[in-house]
Structures are given as C-alpha cells and as structure tokens.
Amino acid sequence: MPGGAVSLAATADTSRIEAPVTFKAYMMCAFAAFGGIFFGYDSGYISGVQGMNYFIHLYTGLPYPPATSTKDFTLPSWKKSLITSILSAGTFFGALIAGDLADFIGRRTTIIAGCGIFTLGVVLQTASTGLGLIVAGRLIAGFGVGFVSAIIILYMSEIAPRKVRGAIVSGYQFCITIGILLASCVDYGTQDRMDSGSYRIPIAIQIAWALILATGLFFLPESPRYFVKKGNLERAAHVLAQLRGQPRDSQFVEQELAEIVANHEYELRMIPPGNYFTSWANCFTGGLRKPSSNLRRTILGTSLQMMQQWTGVNFIFYFGTTFFQELGTISNPFLIGLITTLVNVCSTPISFWTIERFGRRPLLIWGALGMVICQFIVAIVGTADGGNTKAVSAMIAFICIYIFFFASTWGPGAWVVIGEIFPLPIRSRGVALSTASNWLWNCIIAVITPYMVGTDKGNLGAKVFFIWGSLCACCFVYAYFLVPETKGLTLEQVDRMLEETNARNSARWVPTSTFAAQMGLTDKGTLAPEIVEDVERKGSVI
C-alpha cells in the first residue's frame, strides 16, 4: 500500500480477538441468511406443482379433468426425475464456478450475480408450456442457486461473530424451511385452479425472493477476510469496523484484523499461492493421516454434505405429495405436505440455541440416531400394514418426528461446519466443493427416487425408508468418528484446533495463544510490519 504497511495492534490474549456483539452487527449478519428462502422455495414448490392436475394434463396429454383416479393421473417417473433433478445439476456446476468468482470479484458481488441468473431461470420456467423450456429454466435457475447456496455460507461464516456464528448460519437453514413452507402454502392455494396459473403463480413468486436478497446485499459490506486475501488491509479494517459496530481505530478491530492477517500469513507459508490450477490443487494437499491437512478438510466438507442428503429428507420435500398420492389412502396429500413442512419450520429454530449450547458434534450424532429410529419404524409399519389408514397415520406421525430430528440437527449443523473448517487461502473453493457435493447427491437422489418408488417402476412404497434408515446409521457412525467440535472458536482458532487434536477429543480443546503472537509481535504490541507487508504483497497477485 502507498505510504507503507498498516500498523495493527495485536494481542496474545485469546479472549480479546473479537469485539462484543452489537444488535446492528447481529442484524447485518442475519440478513444474509435470507438467501435460504429462495433455495428452500425452489426446492419446495416442485413437489406440489408436479401433483397438480392441470400441470399433469399439460405435460402428459392425459384428459383434463382427470377421467382416472388420482393415483393413476400422474407424471411418468422419468419426467418427475428430469424436472426435479435438472435444478440440482445446475446448482452443482454453479457452486463450483462460484468458488472462483468469490475470490475474484468478492463474496457479496457473487451472491448478487447469482440472484440475477436465478431470476432469468424463473422467467423461463414461468413462460413454459412444455418440457423443454421448464427444464432449461430450472437448469439456469440452478446455476443461480449454486452461486447463492455456496457463497452465502462462506459470507456469513466470515462476517459473523464467533459467539453467535452457529446460530446465524443456522438461520440460513431456517430460511430454507421458511421457503419450503411458503412454497407449500402457495401450492395449496393454487392447486385447484383450472388454468396455467395453478403452476405459473408458484413459479413466478420466486423472483421476489431474489430481488429482496440482491437489493439488501447492496447495503451490506463485503467480507473483511476477502480484503485480507486480496491484500487490501485498509478496506478490511473499514468493513470489519462496520460489522462489529466499532470505530475504525478501535483496539478490538485492530486486534481481530491482526489475528486474521497473521493466520492468513501462516497459511500462505504452509500453502504458497500459485496459478489458477494450483489454487484448486491446494484443496487436496496433505495426507489422509493428518487431521488438519487440506485433503482431510475437503473430504470432511464434501462427505458431510453428502451425508446430509443421505438422510433422505429431500425425498419428503421433493416427492412427498406424489408419494402420499400413490399410497391411495390419503384424501388430501397437499395438506399432509403442508403439515410436514410446518414441522420442519417449527423445529429448526431450536438449533439456534442448541448449536451454541451443546455444540455441532453432539447435534449431528444424536440427530442421526433419532432419524434412524423413526425411519425404521415408518418402513416396518408401512411394509406390514400400509393399506390401513391408521397405520398410514402412524407413518405420517413418525415422518414428522423424523423431520423434527433433521431440522434441529443435520439441517443447520452440516452448513455450519463446512463454513468453519477451511483455512482462508482455500476457503471459498472448499465451501464451493462442499456445496457442490450437496447438490451432486441432491441430483442423484432426485434422479433415482422416482424409479425406486414410482408405481410404474420399482414401487418400493414405504420400503424406501429401510434405505434412508440404513444411510442415517452411516451418518451416526460418521459424525462420531470424524466431525470435530468448533463451538465458540474463531475461524482462525478452528485452524489451530484441527492441527492439535482429533474429532473425538476436539470438544475439550482450549486455545492457549493467538496466531499474531506466534507470527511475531513488536515491543509496542503491534503485528510485525514485515508480516503485514507480505500479506499485502501476496494479495496483489492472488
């Protein structure tokens, strides 16, 4: 920078590297969670739309009103699979591209760009009257959702104070559930329309969520860690002061910035910057035996998101309406879908408190166990007496309890952890890879599930819950052996924890020093100027 390096007050005291949380700072961080609404809405509306009579008539040519029973008046399995899964295919690639853009143009700008792409995809879906255009629209919208879903987690994790970071990122999952609920309500309200408005209204409403998020982000600051990565420490200090509600020359701001800078310099020494391909290859450096290696972190992030999809919850939200229709014993499957969505919404806020009180690791372990029990009960009851209306009522009750366990544990927990485990040099790409993994498995499940349960294909019915229950058992084992506890730590302290302990002992780890103290303090208690200069110099070429 002109005029020499910035002087940063630093400290070896681990309790003084972050300012107290103010209401303004909390609300600024919490607004970003709004991005979950159109992710959730887009995931939720498609289940109801595919069960609407007019939509089925338009996309199959079957006579309307239906001359056959509701059970037989349905989309073919391959069309359900294509329409549902194509969005996830787009989000997979969108998430990967977003990892690059977030480092080049910034976290905030990437999210705003995603809102624009998503809006274009929604316009195409709204205008569709045939399979080709709705598939193209969902693919393009998927790219936008991929941008937002990957980078909103990165952005929130980087700007949120450590004491409420888990609760704020959990707010993203809560907004997803709100989006699914809104979609269910709109589907329920338009299902009986006898024109194209029955499906066009639920689709078109999505534009509002994108506009609200994009407009709000124009008034929020960029991530200070992005500016540190780019070597612009003046801007980093300015936006950090905004986020923490402190003056620019506050000791809290300088000490937190010094810790971010020192940690970034430490990581750059471990992972020297290189060209574009090197920056991606850095996500896979280190050995499998070293818990803090980038390879282990990348595997942890991608497999955690894979496991979240393995819980099977999107089977309910993507295909719940049509699944309940095919049971043939439920008079209003749309209403049952709305009830399961309400359970999802009401259960998620519990995690705001539990994730900071008990931690990430216990929630994932016990949540997986609860889901295993519920899913096997649903599978056993449905297989033994699935044609009995009382048995179906019991199945629905345990499906709701299963959703409670997911929404209060794995739903928010997986997103929180992936935003915390990556070091700054690879954080945007690490989170992007993890989010892409979520969407890849989302796509796989969306493709295969109609063939598993469709009456014209596998016709597994309730037996499919044996599969979801078995996969949740894998989630239980996985969480116990591999997921570390990150509660109450700054992102920089998470780096140190992964270096010094393993997952099973991580809850007992306590920070004893700061990166600023390790990298070098002057006699005046400021970060060594050569470190600041080095970060500024390297940032200009990253």
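The first residue you see is number 1, and the count goes up from there.
Positions of Cβ are set from backbone N, Cα and C atoms, glycine also.
Record features (TrEMBL):
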- 28-487: domain 'Major facilitator superfamily (MFS) profile' (DOMAIN)
- 21-41: transmembrane segment (TRANSMEM)
- 82-102: transmembrane segment (TRANSMEM)
- 109-127: transmembrane segment (TRANSMEM)
- 133-155: transmembrane segment (TRANSMEM)
- 167-189: transmembrane segment (TRANSMEM)
- 201-220: transmembrane segment (TRANSMEM)
- 299-321: transmembrane segment (TRANSMEM)
- 333-355: transmembrane segment (TRANSMEM)
- 362-382: transmembrane segment (TRANSMEM)
- 394-418: transmembrane segment (TRANSMEM)
- 430-453: transmembrane segment (TRANSMEM)
- 465-483: transmembrane segment (TRANSMEM)
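Most Cβ pairs under 8 Å with the transmembrane segment (82-102) belong to 133-155, among the candidate stretches 133-155, 167-189, 201-220, 394-418, 465-483.
Between the transmembrane segment (333-355) and the listed ranges 201-220, 299-321, 394-418, the one holding the most Cβ pairs under 8 Å is 394-418. The listed stretches are 21-41, 109-127, 133-155; of these, 109-127 has the most Cβ pairs under 8 Å to the transmembrane segment (201-220). Taking Cβ pairs closer than 8 Å, the transmembrane segment (299-321) reaches residues 43-44, 46-48, 50-51, 80, 84, 180, 187, 288, 333-334, 336-337, 340-341, 344, 368, 371, 375, 399, 403, 406, 410-411, 414, 417-418, 421-422, 430-431, 433-438, 440-442, 444-446, 449-450, 453, 464-465, 467-468, 471-472, 474-475, 478-479, 482-483 in its own chain, all 6 or more past its ends. Within the chain carrying the transmembrane segment (465-483), a Cβ under 8 angstroms from the stretch's Cβ atoms is held by residues 300, 303-304, 307, 310-312, 315, 360-361, 364-365, 368-369, 371-372, 375-376, 378-379, 382-383, 410, 417, 452, 503-504, all 6 or more beyond its ends. Taking Cβ pairs closer than 8 Å, the transmembrane segment (21-41) reaches residues 111, 118, 145, 148-149, 152, 155-156, 159-161, 163-164, 168-169, 171-183, 205-206, 209-210, 212-213, 216-217, 220-221, 242-245 in its own chain, all 6 or more past its ends.
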